[in-house]
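Peer 1: The structure under discussion is supplied below as structure tokens; questions concerning it will follow.
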């Protein structure tokens with residue numbers, strides 16, 4: 001054990017194990033998660049060479065092999081609980097992504113949410129066992145987040161009771177679905193449903209694309225890999241072109257909308273019911289943002305405790321770089337953010353399951369807010385985590401640029417989440433639509449509930465945005481509850497400003513659509529403020545549920561740091577709204593620095609509580625034992641370029657040197 005890390009752990013003010021239990025949900029869940037981790041880490045079938053030193057084709061082959069092993073092992077170990085399946089899947093490929101991932105994260109959830117009982121009986125068991133390997137083909141070359149623009153068609157033929165699928169243009173070719181290129185044999189395809197000469201919009205169809213047994217593409221199917229990407233080397237993101245490809249009528253997912261044998265269309269009870277899969281995945285992505293940022297913080301903070309550099313006082317030993325205030329200022333707000341997102345991710349998961357149960361009983365009342373909240377928080381957390389991971393990499397100096405740090409892999413595998421499952425700016429604008437509807441409800445004298453209930457407090461007589469400067473508040477910068485109130489006022493103010501500016505543009509432009517576009521910057525800012533408020537609120541409320549006094553104290557410091565750092569970065573919003581005064585902002589900036597000092601002695605223990613095993617981090621710099629330099633040298637020796645003393649390419653240089 002590196003002596004610096006031992007000293008850091010010995011000086012912690014709390015027991016990291018107890019905090020791990022809180023993050024997992026209970027001591028029993030921690031025990032079971034570790035049990036599953038050890039099943040994998042101690043199983044020779046799951047061992048493989050360092051993927052960093054393999055070609056893309058080799059990495060893909062390793063990933064497919066391990067995915068097949070994963071399914072067999074889950075059967076062998078009797079793992080069926082959804083949480084346990086998730087833990088197992090995360091660990092079997094460690095820091096990398098899997099070609100069959102969309103089978104479990106999109107294909108099966110969509111089948112569960114939108115399939116009839118008969119459809120689930122037909123496909124569910126086979127897809128869980130990978131006899132059917134599914135993907136989710138929504139995005140096209142020409143359209144992504146704008147779903148109504150998708151061009152793929154599914155035209156019903158009543159004579160044969162089949163749908164005929166076509167990709168009528170080059171831009172209609174399905175593009176990007178993970179596992180589509182070489183792995184999947186089925187896809188849930190989103191296509192424009194046409195029956196009796198009328199288009200009824202997007203619907204989901206289960207489409208066989210490869211022959212089971214030979215894995216060759218079926219007639220009418222052109223399918224392949226889209227080529228190298230920024231990351232995701234282990235996944236065969238693919239393209240799919242369909243030419244008069246026929247599927248049975250029963251392959252349309254018909255839990256809600258239906259097409260009768262004669263071609264009659266039966267519309268769903270509510271169009272919102274088809275949001276199910278998107279809402280599920282977006283709520284899941286909030287937790288993924290927390291996990292990715294937590295990993296990056298673990299690596300950067302441990303390394304900063306091991307790394308000694310420069311001088312604070314001339315002539316004294318080189319200090320740990322974690323002792324520099326600038327390093328603390330880079331990393332500790334991100335650590336606080338990681339904890340905030342952990343708690344928000346758990347809240348979103350619980351909320352999704354609760355509301356989904358209500359939907360199953362016909363209660364759709366909370367679905368609009370859930371849709372808005374998952375869209376906004378997906379964007380807010382992924383943008384923040386994405387920036388934070390890169391900040392952690394740069395905080396590790398030159399070594400952070402090496403793949404041995406693990407940080408480049410974390411970054412390239414996380415950054416797609418800013419654009420997949422809804423491009424983030426568009427997600428923020430979806431949240432803004434809900435905020436504007438809620439504002440209009442309040443303005444018309446109705447009350448709103450849920451996370452937007454703060455809009456009920458808006459005085460109805462206030463018309464001009466500049467008149468917002470009448471908030472009756474005195475913010476206590478040492479009170480999480482008071483800071484939550486400040487964020488609430490900021491959100492209300494920015495929602496109202498966006499609403500008033502939108503109203504002005506509607507009056508001036510006569511077109512709601514043009515007005516919306518010309519107000520979209522204000523609308524995104526309103527959504528960001530709303531999401532920021534939600535995160536602060538949930539973090540603050542979590543403190544009240546913590547029993548252990550030492551853990552509550554350190555989490556309170558993190559909550560204050562998260563909230564105050566956010567104010568310091570958005571001081572203009574709090575000043576313009578007269579939510580806070582200039583002297584208070586000065587106090588905020590000073591308090592942030594005090595909190596850095598307070599958190600310093602617990603920083604390593606706080607990342608230890610995330611409980612990432614070394615193999616999960618995949619980082620030489622973030623090793624639990626802190627023995628960075630010895631292992632850095634050993635890692636470099638394994639580079640394929642070092643297999644021969646003289647590389648074969650020397651022949652190109654030799655002729656130039658023969659003249660010397």
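Please read every residue number as a count from 1 along the shown chain.
Every residue, even glycine, has its Cβ placed from backbone N, Cα and C.
Dumping what Swiss-Prot says about this protein:
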MOD_RES   26  phosphoserine
BINDING   139, 178  FAD binding site
MOD_RES   216  N6-acetyllysine
MOD_RES   241  N6-succinyllysine
MOD_RES   349  N6-succinyllysine
ACT_SITE  421  active site, proton acceptor
MOD_RES   437  N6-acetyllysine
MOD_RES   504  N6-acetyllysine
MOD_RES   542  N6-succinyllysine
MOD_RES   637  N6-acetyllysine
MOD_RES   637  N6-succinyllysine
MOD_RES   649  phosphoserine
MOD_RES   651  N6-acetyllysine
MOD_RES   654  N6-succinyllysine
Peer 1: Once near-sequence residues are set aside, which residues in the chain of residue 139 (FAD binding site), 6 or more away, have Cβ atoms under 8 Å from its Cβ?
Peer 2: 174, 175, 176, 177, 420
Peer 1: Nearest by CA distance to residue 542 (N6-succinyllysine): which of the modified residues is it, out of 26, 216, 504, 637?
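Peer 2: Result for residue 542 (N6-succinyllysine): the nearest of the modified residues is 26.
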Peer 1: Rounded to a whole number, how many Å is the Cα of residue 241 (N6-succinyllysine) away from the Cα of residue 216 (N6-acetyllysine)?
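Peer 2: With distance taken Cα to Cα, residue 216 (N6-acetyllysine) is 15 Å from residue 241 (N6-succinyllysine).
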Peer 1: Based on Cα distances to residue 26 (phosphoserine), point out the closest of the recorded positions 178, 349, 504, 649, 654.
Peer 2: 349
Peer 1: Would you mind reading off the Cα separation of residue 437 (N6-acetyllysine) from residue 504 (N6-acetyllysine), to the nearest angstrom?
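Peer 2: If we compare the Cα positions of residue 437 (N6-acetyllysine) and residue 504 (N6-acetyllysine), the gap is 16 Å.
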Peer 1: What number of additional C-beta atoms lies within 10 angstroms of the C-beta atom of residue 349 (N6-succinyllysine)?
Peer 2: 17
Peer 1: Taking Cα atoms as reference points, which of the recorded positions 178, 651, 654 is nearest to residue 349 (N6-succinyllysine)?
Peer 2: 178
Peer 1: The residue listed as 'active site, proton acceptor' to residue 504 (N6-acetyllysine): how many Å between their Cα atoms?
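Peer 2: About 32 Å separates the two Cα atoms.
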Peer 1: Going by C-alpha positions, which of the recorded positions (178, 216, 504, 637) is nearest residue 654 (N6-succinyllysine)?
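Peer 2: Result: the closest of the recorded positions to residue 654 (N6-succinyllysine) is 637.
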Peer 1: When a 10 Å sphere is centred on the Cβ of residue 651 (N6-acetyllysine), how many other Cβ atoms does it contain?
Peer 2: 9
Peer 1: Give the sequence-ordered list of residues that share a chain with residue 504 (N6-acetyllysine), lie 6 or more positions from it, and have CB atoms under 8 Å from its CB.
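Peer 2: Expected: none.
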Peer 1: What three-state secondary structure does DSSP assign to residue 651 (N6-acetyllysine)?
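Peer 2: Reduced to three states, the DSSP call for residue 651 (N6-acetyllysine) is helix.
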